[in-house]
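Listed in TrEMBL for this protein:
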- 6-143: domain 'MobA-like NTP transferase' (DOMAIN)
- 269-345: domain 'Mannose-1-phosphate guanyltransferase C-terminal' (DOMAIN)
Amino acid sequence: MSLQTVVVLAAGEGTRMKSATPKVLHTIAGRSLLGHVLHAVSALNPAATRVVVGSGREAVEAHIAVIAPGVTTIFQEHRGGTGHAAQLALAGLNATGNILILAGDTPLLTTQSLAALIESHSAGGFSASVLTAEHPEPTGYGRIIRGDDGSLLRIVEERDADENEKEIEEINSGVYVFDGAKLASAIGKLRNDNSQGELYLTDVIEILRNEGGAISALCIDDFTETLGVNDRVQLAESAALLRDRINDGLMRSGVTIVDPTTTWVDATSIISQDVTLLPGTAISGSTTIGAGAVIGPRTTLHDCTVGNGADVKESYAVSAVIGENSSVGPFTFLRAGTVLGADTRAGAFVEMKNAAVGDGSKVPHLSYVGDATIGEGTNIGAATIFVNYDGVNKHHTVVGDHVRIGSDSMLVAPVTIGDGAYTAAGSVITEDVPAGAMGVGRSKQRNVLGWVLRKRPGTKSAEAAASAPSSDQKG
Ligand code: UD1
Ligand code: CA
């Protein structure tokens with residue numbers, strides 16, 4: 001089963017998206033629509049892949065250069081129809097072997113279905129093979145016209161179909177495999193004598209048939225694979241179908257998903273066995289989740305690495321590493337460059353950025369940790385702020401191993417707290433604290449005795465003070 005060339009048609013305007021972004025660059029499950037198509041075909045190992053671009057050319061070409069650098073683009077300046085686009089793609093191509101042609105806006109097609117079409121095409125020695133589907137709502141699609149013997153005669157577009165033809169539910173998916181040499185000779189014979197005045201690639205089928213070629217129409221079991229995206233309603237429908245497909249695959253591989261309808265995992269993310277995903281969770285980008293971790297509810301992880309057995313609840317993290325058996329949340333915001341070691345804790349209402357936290361260290365409550373290196377076994381007291389910004393520049397704080405930072409400390413960077421050191425609660429630490437020292441950065445407390453009775457007479461406070469057992473209250 002060899003595949004010489006893949007041609008992806010993606011020059012259309014996508015007007016119905018009503019978007020400044022070219023249609024094929026809209027994303028679902030972490031990939032652009034075009035990215036899904038290119039991903040599905042890349043596993044077929046074609047010798048060459050060509051994408052016909054037109055509308056939004058610069059953006060589409062730039063995107064292709066990033067996601068599929070080996071892919072060539074062909075520019076179609078004016079919309080001349082799918083047949084015209086295919087003509088441009090074939091120009092200058094040494095058209096031997098099989099050519100797969102499909103559209104850039106069908107993100108749900110699987111490699112398996114494409115491979116099955118190529119397989120049956122090669123096995124049958126066909127001139128052309130068309131992937132079709134029985135569609136419950138065929139309106140808008142080209143219809144498959146079969147002869148009495150069941151063989152494919154031609155494809156008629158909705159706009160050119162008569163009433164009987166419109167009744168046909170078998171549709172053209174827009175995915176074809178051709179014998180390259182035969183396609184090359186037939187494609188020049190297309191004519192634009194149709195309602196849109198375009199060259200229809202679909203007409204190649206009838207031309208090849210009239211030349212005596214054998215044509216095959218392979219009907220796919222799951223019609224949803226053939227769904228195209230033309231507007232944002234269909235974008236959401238396709239996203240939901242892909243979400244379900246991804247979640248089904250994960251559950252079958254041993255991931256517990258408590259509420260699959262509110263759990264969104266990108267096609268690009270990896271979830272290990274025995275992970276539990278709780279409702280309202282979104283896992284995106286290059287995120288990987290280690291075995292046994294519990295994520296959610298209502299947690300977003302983008303481009304994160306989460307170790308085995310970690311627990312992340314009600315939190316939002318981007319480009320962060322969460323070590324194994326660590327506990328994050330609820331309501332934690334981990335920004336880029338956060339690296340939590342094993343058995344760490346990033347607790348409730350904590351924000352971290354560009355911070356490395358050593359194994360077994362804890363930042364349990366209400367803290368901001370920015371631009372910091374924290375050693376192992378250290379505890380950062382509640383409401384500690386790593387003061388990293390002097391209004392102009394960011395500075396780094398180093399906290400050693402087994403340090404105890406007192407609650408409500410301000411660690412004013414750049415500053416270093418040595419191993420085993422303590423800081424007193426409420427300190428503003430502006431100088432380094434040597435190993436084993438207690439850093440105290442606050443003024444000594446003084447009590448003004450009798451102040452309430454003198455300054456707030458007649459209040460509940462004064463009353464309470466007056467009846468307090470200690471006579472000290474009166475001064
Ligand atoms: C096409 C098929 C139809 C099929 C349907 C499946 C034709 C004539 N019709 O119809 O039988 O049921 O797909 O979704 O082929 N494109 C170009 N250049 C052009 C025109 C189109 O690159 O000049 C690209 C579009 O960007 C799109 C694809 O070709 O990715 C299909 O074009 P579209 O206009 O969406 O065709 P349909 O009317 O959907
Ligand atoms: Ca279409």
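Backbone N, Cα and C atoms are what each Cβ position is placed from, and that goes for glycine too.
TrEMBL: automatically predicted annotations, no manual curation.
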*In the domain 'Mannose-1-phosphate guanyltransferase C-terminal' (269-345), how many residues does DSSP put in helix, strand and coil?*
0 helix, 31 strand, 46 coil
*Would you list the DSSP helix, strand and coil counts for the residues of the domain 'MobA-like NTP transferase' (6-143)?*
50 helix, 35 strand, 53 coil
*For the domain 'MobA-like NTP transferase' (6-143), would you mind checking the mean pLDDT of the predicted model?*
96
